[in-house]
Ligand code: AHM
Ligand code: MG
C-alpha cells in the first residue's frame, strides 16, 4: 500500500514501533479523538439544517433536545474519552472544572486530555471553517489513583502530543508528537483519516499576517509599530504582504502552518490579559508549531514555558514562521 493512503490508525501503530516500550495508549487516545471528530464533522456539515430540524418541536427524532453544536462537540469528546481506556480525565474549555473519570481502567491510564471542542464556533452561521483543538499530557500523579488538577496544570513543554481537526473544505486532523507533525484528510466514503500531509514543516518565512486589524487602536505601541511595518513592506524587503484573519484560530493557524506567516492575538484594552486560552488554544498550537520548526511566543517568553496557575487562563500570542516571529519580538517583547 502506498504511504499516502495510510490511515491514522496504521500510521500511529507504525510510529509506535519506533518507540521502545510503547504501549499503544497514545494511539488509542488519538483514535478515540478521531472518532469523536468524525461524529462532530457529521453534525457540523449539516449545521445550516439545525434550525429546520429544530423547528419540529426543538426535539430531534430520538426525542432529545437539539443542542448547540459546541455542546454536542463537548459531549462527544467526553463520551469517547470516558468510554475509552487511555484517559484518566479531561478538561474542556466548555467546563468550569476538570472531569475525573475515576474507574479502575481510567485510573490506570497515564494521560489526561484538554480540549476546545469547537473553536471559532461564532463562525458556524456563516459557513467559515471551525475546529477542535486538543492537548495531551502524561500524568504526574500516581497511576492507579484518580487524576488530579496537578496533572492538568503543567507547562506546554510537557505535552506528549497535541493536535487539531479543521472542519473546512475538507476535514483534516493534524497532530504533533516529538516525532513530528503529520496531517490526515478524512476520506468520506471509507470514513477514515488518511495521511495526506506527512512531516509538516512550517516555512521559516511567510507572506501572510493574521491579526484582527479592527482592534489596532487597542494594541500597545510595539504591536502597532510591527503591524505598520508589515503593512508597509515593499518588494525590496519581501513585501507586499497579505492580511488574512478569519476569526477562527484553527483555520488561520492551519494556513500559517502550511504556507508560513504569522498569527497574532495581542493584549487589547478590552482583553488586558489576552483573549485566547493557554490550555486549550495556545499550548496545543504552540507545541504543533514548534514541532514543525516554527515559534510561539507570548511577548514575555515562550508560550510553552508558561507555568499555568488556572485552567482557563489567557495569554497574548505571536505564533508562526520562525523568522517572522523573531522580527515581531524585536517590536513587542516586554
Ligand atoms: P472561541 O473559543 O470562543 O471560539 O474564541 C476563540 C476565537 C479564535 O478562534 C479566534 O482567533 C478569535 O477567537 C477571534 O476573536 P476576535 O473575534 O476577538 O478577533
Ligand atoms: Mg476557542
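Cβ coordinates are placed from backbone N, Cα and C, and glycine is handled just like the others.
TrEMBL: automatically predicted annotations, no manual curation.
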- Do you know which of 45, 182, 212 TrEMBL groups with 119, 120, 121, 122, 275 in the substrate site? 212
- Query: Need a hand: TrEMBL gives 116, 119 for Mg(2+) 2, which of 281, 290, 297, 326 is also on that list?
  - Reply: 281
- Query: Considering the Mg(2+) 1 binding residues 116, 118 given in TrEMBL, which of 93, 94, 95, 96 is annotated for that site as well?
  - Reply: 93
- How many whole Å apart are the CA atoms of residue 275 (substrate binding site) and residue 281 (Mg(2+) 2 binding site)? 10
- Query: What subset of the binding-site residues 122, 212, 281 lies within 10 angstroms of residue 116 (Mg(2+) 1 binding site) at the C-alpha level?
  - Reply: 281
- Task: Within the same chain, and leaving aside 116, 119, 281, name every residue whose CB is within 8 angstroms of the centroid of the CB atoms belonging to the recorded Mg(2+) 2 site, in sequence order.
- Result: 93, 115, 120, 131, 132, 133, 249, 250, 276, 277, 280, 284
- Query: Rounded to a whole number, how many Å is the Cα of residue 120 (substrate binding site) away from the Cα of residue 281 (Mg(2+) 2 binding site)?
  - Reply: 11
- Note on the structure: binding-site residues considered: 119, 281; fewest surrounding Cβ atoms within 10 Å belongs to 281
- For residue 118 (Mg(2+) 1 binding site), just count the other CB atoms lying within 10 A of its CB, please. 28
